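Peer 1: Got these off TrEMBL a minute ago, pasting:
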COMPBIAS  A:330-353  compositional bias 'Low complexity'
REGION    A:329-353  region 'Disordered'
TRANSMEM  A:6-33  transmembrane segment
TRANSMEM  A:54-74  transmembrane segment
TRANSMEM  A:80-98  transmembrane segment
TRANSMEM  A:110-134  transmembrane segment
TRANSMEM  A:154-174  transmembrane segment
TRANSMEM  A:194-212  transmembrane segment
TRANSMEM  A:224-246  transmembrane segment
TRANSMEM  A:255-275  transmembrane segment
TRANSMEM  A:295-319  transmembrane segment
TRANSMEM  A:365-382  transmembrane segment
TRANSMEM  A:388-406  transmembrane segment
């Protein structure tokens, strides 16, 4: 039974990823088709607060798969090597684009383009990965044995198109919830055509699965057929709710409905294929790690999950409601010279106290020797001779340094060397 | 068996991505602690200087953290992409360790970074401080789990071999393996130190340029204080680690001392090893010093050489020797500078010593250089094993075509080189722009909530 719990954990993480990063990838793709710089900047800022947390679910899905079902991890990842690498590279560029765009004061067309294109590429690659896995990957003893292009099938290409449609829909639903004004209207108008696209994709992919999947899908088993039918029914109801909700208040309804559709769709897929994870024959039983590892993982992750969900909800709650443009940036500290003028007029510390040349040289030699001695003691060079000098000596040096530092720091503070207001005037 | 070319390419790919990824946590772990302390001090004292410091470093931290996250995402999948057989064999042990990292640390960081970066004006300052500290907890936990996983590969304990998989027989021994107890303090000190050099180097640049002086003095003072205390401790911890590794992985020690035959008592500064013949074609050594470092003060003991290790179990001397030299000589330079900083400070000239400031600017990336060198020493020195003594690297690689492996490596090298350039350009620009003014003309301080998003 434990392997089903691991499988459920992987599915939970994957589902959360598809839902959460799905909407921000979708917004990224939408930004490619938006002509207003202001709106594109807004899309980016909207995502900047959340993409990091959203992407974490992908990482959780990856490691849960590795720890819980190592057989699947070791088969799938080399099997879909190229699309997965391209997806990772796209995610890397996308994260960079979001952060640099968000840190820049205005809108940067180049970064906006990188953000949009890498979102599209990542989505397409995710579709190719899913489609490639569903089309089956050859393996033996928990290790992939196929060739480089095995993942490229007609079904995986269709999956990529379907993935783009699903993410666009989630993106539009999220935009309706989070924005006001023109972006809000756009999202409301985009919703229904996108639902149609997703419905077509769902039908094509659903019927295509029978032909693409090399395993025999056992719809003659009553339990499986019932579960599958139920999941499909829920998906249809949710999609209808989303259809009704686009362009209407309350603004959160389309996204909630889209979330329901995605979850039900994932469950329908699982109901059709379980216990096989990688067709035709790699099941959860065959791929599962040993009992002890799964138990450790499930207790650890299960114990942390409520806390994780709690602070994720809190972070979501902090940024709840409509997105507000952040106030303009405050000015940076002016031209290089401001505040320095007063400082320059003060002459550099007088050379008094340095003494004659010989004294300076002697002092420097002594100090260098002292530094070498300190380094030698911290290296425990004499450790073989006197054991005690190691930790005790090192602690002594560290404490001396700390004491000296505190004393001088206080003196500097008293002399007003850290006084911001005096320097700013 | 995969072809040797695929193994080499996969190793290069992992090395490039790991060193690139590592250089971001190397800065952000320490920076997160620095930011949390600065914000807390600001809350307690109300001194706008600390808010100014916080705002400025937050900008650099934000982008560095983001790049670290995306590079880390790549690492999670790389174990399976190029190293499928390794992933299958150690998944039940290392998959779980890294799974724990993701659930305890990664989500914590990801959950609170949004609040820390964009929370100004939306949450109370106390909540901001809380988010900052949660980020510190997250980065430290992350370091802990990753070091635990990596140390297990260096010196595996607490497991049983069942078929072609490793299973944990004692989780306590797996997680807190002996190598971990030496390497963890070493790397923890290293990341704090490298952040301190980075902060100190940039503060020194402002002193050289005579800009934002209170900001520069305050941060330089903090950075050098941390360094003066931690540098001697780090040299000591590093030495303990080297002694431990020398006992557990003799080949690594032999490779980083740069000797082949065991007839040398000197300390090698430069070597040009000839791997096929098993000798150095060129070598510069300080006589007797090698023996002294090996705890024989008479200077006569011989340093063990790599020929003691069977040929098919030898690591590559080039990367291990020079990786170690990069770490160790940078560490000595860092120690010297920290010591000089302390002396200057005690004599009251820390803020006027021009030459020292210029040197400090050059030292800004020193910590990252040392960490990269150390990481190369640790990982290349473990070769040809991926899990020391148990799985050979050549047996761990995925069933990949040469073309796919080359495409992957090319993609990573191109994108990462681009990112490195962008990251450096971003830092340079942010530093040039300088910290923002927080004091209005009337002399009143602008508070956190009034400025809003920064």
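Every residue gets a Cβ built from N, Cα and C, even glycine.
Note that TrEMBL annotation is computational and uncurated.
How about a rundown of where these features are and what they're close to?
Peer 2: Taking Cβ pairs closer than 8 Å, the transmembrane segment (A:6-33) reaches residues 39-40, 43-44, 46-47, 50-51, 53-55, 57-58, 60-61, 64-65, 67-69, 94, 112-113, 115-120, 122-123, 164, 166-175, 190, 255, 259, 262-263, 266, 270, 274-275, 277, 284, 288-289, 294, 297-298, 301 in its own chain, all 6 or more past its ends.
Listed as Cβ neighbours of the transmembrane segment (A:154-174) (distance under 8 Å, sequence separation of 6 or more from its ends, same chain) are residues 18-19, 22-30, 120, 123-132, 134-135, 187, 190-191, 194-195, 197-198, 201-202, 204-205, 208-209, 211-212, 242, 246, 254-255, 257-259, 262.
Beyond the transmembrane segment (A:194-212), the same-chain residues lying 6 or more positions past its ends with a Cβ under 8 Å from any Cβ of the stretch are 131, 134-135, 153-155, 158-159, 161-162, 165-166, 168-169, 172, 232, 235, 239, 242-243, 246, 261, 265, 268-269, 272.
Sequence-distant contacts of the transmembrane segment (A:224-246) (same chain, six or more residues past either end, CB-CB distance under 8 Å): 169, 172-173, 176, 187-188, 190-192, 195, 198-199, 202, 206, 218, 253-254, 257-261, 264-265, 267-268, 271-272.
When Cβ-Cβ distances below 8 Å are used as the criterion, the transmembrane segment (A:255-275) is approached by residues 4, 7, 11, 14-15, 18-19, 22-23, 134, 166, 169-170, 173-174, 176-177, 198, 202, 206, 209, 213, 215, 217, 219, 224, 227-228, 231-232, 234-235, 237-239, 241-242, 245, 283-285 of the same chain, each at least six residues removed from its ends.
If one looks beyond the transmembrane segment (A:295-319) by at least 6 residues along the same chain, the residues whose Cβ comes under 8 Å of a Cβ in the stretch are 2, 5-6, 9, 49-50, 53, 60, 64, 67-68.
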